[in-house]
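Record features (Swiss-Prot):
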ACT_SITE  H107  active site
BINDING   D190, E194  Mg(2+) 1 binding site
BINDING   D190, E226, E230  Mg(2+) 2 binding site
DOMAIN    1-181  domain 'KARI N-terminal Rossmann'
DOMAIN    182-327  domain 'KARI C-terminal knotted'
Amino acid sequence: MKVFYDSDFKLDALKEKTIAVIGYGSQGRAQSLNMKDSGLNVVVGLRKNGASWENAKADGHNVMTIEEAAEKADIIHILIPDELQAEVYESQIKPYLKEGKTLSFSHGFNIHYGFIVPPKGVNVVLVAPKSPGKMVRRTYEEGFGVPGLICIEIDATNNAFDIVSAMAKGIGLSRAGVIQTTFKEETETDLFGEQAVLCGGVTELIKAGFETLVEAGYAPEMAYFETCHELKLIVDLIYQKGFKNMWNDVSNTAEYGGLTRRSRIVTADSKAAMKEILKEIQDGRFTKEFVLEKQVNHAHLKAMRRIEGDLQIEEVGAKLRKMCGLEKEE
């Protein structure tokens, strides 16, 4: 798999173009500011006088309605939540798409699953930082960047690569390294990682460990430290050095205990469940479920949020984070 760097990309394809960033959340703010600071012509499209309107203006952006931005721009970069994109696209963006324009995303969900079907003659690309928005912005300001992905679904103008690579350079991704992939691969692997490991798997593992210790009579504070708080230390070691060097940095007791017991926690059944989760992503079952959830105003999701908020580990964690001086990071 080829990795591109700053010297591989040029901004030339965007020099005379206008980029409309639709949305001003964490990624919208970071990506738009980075491209603006890279000398690109950026406008921000938002709901008139919405919560983000004044924030974007305060950051020095040329702010306009989504319709105005879509009409004005050559590249329309959609960074609003996945479940809102199709509706906004149909009513506020599609009427202003003309041949030669480029539709861009940072997640392939709506293109891959067919919720957005662009007209002929329009490029469809993706540029995705592999980091939260705050880090995208901070590392750019520090003179570096975060890794990212680019992909091309439709190259209607025969220069879609030049356009998306220039966007990646403008955001600062090529300072760290950019990998070219496909909408299918980006979407399916991203969803799987979130569900099985990063958001779903890890939180369930932490909860189970915490509850096991508390049910055995140990202090909830001790349980939190040992199953949640210290996780960051291990993840940071893996992030910086990989598995092998993480094992080198922990004690022999931790290494032996971890290596000999881990397969009893994540079993063959766990991997079978992961394969089923991946299959649900690949065949569209998860997508249908998520669409139905939106149709009932996220009733199930809201109920799950309430349950998570009432967990004992949340109450204990809030106290300990305050004690550790971490409350400012929340």
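Glycine residues also receive a Cβ, built from the backbone N, Cα and C atoms like all the rest.
Since we're looking at a predicted model, the values are computed, not measured.
Taking each Cβ in turn and tallying the other Cβ atoms within 10 Å, the top scorer among the binding-site residues D190, E194, E226, E230 is D190. For the domain 'KARI C-terminal knotted' (182-327), the number of residues in each DSSP class (helix H, G, I; strand E, B; coil) is 125 helix, 0 strand, 21 coil. The recorded positions shown are H107, E226, E230; of these, the one with its CA atom nearest the CA of E194 (Mg(2+) 1 binding site) is H107. Taking Cβ-Cβ distances under 8 Å and a sequence separation of 6 or more, the neighbours of H107 (active site) in its chain are D82, L126, A128, E186, T187, D190.
DSSP classifies H107 (active site) as coil under the three-state reduction.
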